[in-house]
Amino acid sequence: MNRWKSVGFVLILVGSLSTYTVFFQGTFLPTVLVLGSCGLFVASYLLTDEDSVVRIPRYLLGPGIMLFGAYVLTIPFRPTVLYRPLIDLIIITVSMLLIPQTIDRSIFFVTVRNLSTVLVLIGLPAVFVGPYSLLGTTIGYPWQVEPPILSGQLYPLESIYTNPNFLSVFVLGGMLVSLYIYDIDRGNYSLFALFVNGAGLLLIQSRSVIVVGTVAALGYVSYKILRTPLFRLAVLGGTLLGIESLILIVTGVGPLSQLSLSGRRDIWQAGIRVLLENPLIGYGQVPLGPIIETELGRSVSPHNSYLRVTLETGIIGGIAYVWLVASILFHHLRVPLDREQAITFLLALSVAIVMIFETFVIGGIGSSSILASIALGYLLKDNSGYNNINSEESD
């Protein structure tokens, strides 16, 4: 039955990757595949791990209950989306709690690396020669743009997706785990996968993902040099500096106000204004584009995961969501890190930062959401093990 858990895990990732693809756009197949795979995973878990206990750290209960309660409060006002909180709860339970407790981290790393490598290789021809046909469907971005780092004009790497951004976070994860695996085994295929995913990260042409991926890779190198204590100080200092910079960017104060965010600053400010019109319970899990349009003049997504949750659940839900993510990351800084735990932390931190610029959230069925949930789940596992060891020593 352990094999069925592995099959369920792989199918969950594959199902999440099928979301927003050119093959299944406008269909419920990805949702059915992800939920069905979750069912397979839970069934095999119950049959083989009856003695296993899923540990939820106490520090997570406050923000978790607060966030779920905020979503529940929106249901009477948006009864047509009653199913959404239930789906989110299923996805979070499986991806953040069960998978990290039962699937070895090395399997997670290898699976992400291989799937990401395949997706990049599928999209590479379209980067240089333009869109091409695969199984009767057009693969590739329709026009060339100027890359943020490279010179000239290139088609962004889109692979099988309807937008390059839907691929970016998974390739970011593929690059980081490829770096770790190559550092461990120094194999030829590992080097090839690292090169492919690193190139893919650049060719997607997402500035935020390129910057975050580069800093995370340098962070792994610095961990190997500095080790845990100085690494913690570097992470804390960088995080505080990043928060201060973000506040200046959003408010448009100082030299950072000139930083180009592809229109996101106006979107965020419009989102904040519509939030102030309904701050307590938000607007529920409905399309937020038309709501932002009332202030911005055009219908767009919030382009910020934390703002999205706040618009859906109100200020209390937004605070709980930030509290939940920050608590997991902060508590993991206390854990004595090995290389595996360090790259997992950097992956989770990278995804948490990218959520500032993208709309995916923990609990969604897309690949970015699933990757974020699983990465944070492994941090929870590390935190639980560390707390248990400390408790035994104190006894």
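Here the Cβ of each residue, glycine as well, is placed from N, Cα and C on the backbone.
All annotation found in TrEMBL is predicted automatically rather than curated by experts.
Note that the structure is a prediction, hence the values are computed from the model and not measured.
Now, the feature entries from TrEMBL:
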| type | residues | note |
| --- | --- | --- |
| DOMAIN | 193-322 | domain 'O-antigen ligase-related' |
| TRANSMEM | 28-47 | transmembrane segment |
| TRANSMEM | 59-77 | transmembrane segment |
| TRANSMEM | 83-103 | transmembrane segment |
| TRANSMEM | 115-143 | transmembrane segment |
| TRANSMEM | 163-182 | transmembrane segment |
| TRANSMEM | 194-221 | transmembrane segment |
| TRANSMEM | 233-256 | transmembrane segment |
| TRANSMEM | 306-330 | transmembrane segment |
| TRANSMEM | 342-365 | transmembrane segment |
Contact call for the transmembrane segment (163-182) against the transmembrane segment (306-330), three or more Cβ pairs under 8 Å: no
Within-chain partners of the transmembrane segment (59-77) [C-beta distance under 8 Å, separation at least 6 from its ends]: 84-85, 88-89, 281-285, 309, 312-314, 316-317, 319-321, 323-324, 327-328, 331, 380
Candidate ranges 83-103, 194-221, 306-330, 342-365 - greatest C-beta contact count to the transmembrane segment (28-47) (under 8 angstroms): 83-103
Reported mean pLDDT - the domain 'O-antigen ligase-related' (193-322): 85
Closest-packing stretch to the transmembrane segment (115-143), where packing means Cβ pairs under 8 Å, from 83-103, 194-221, 342-365: 194-221
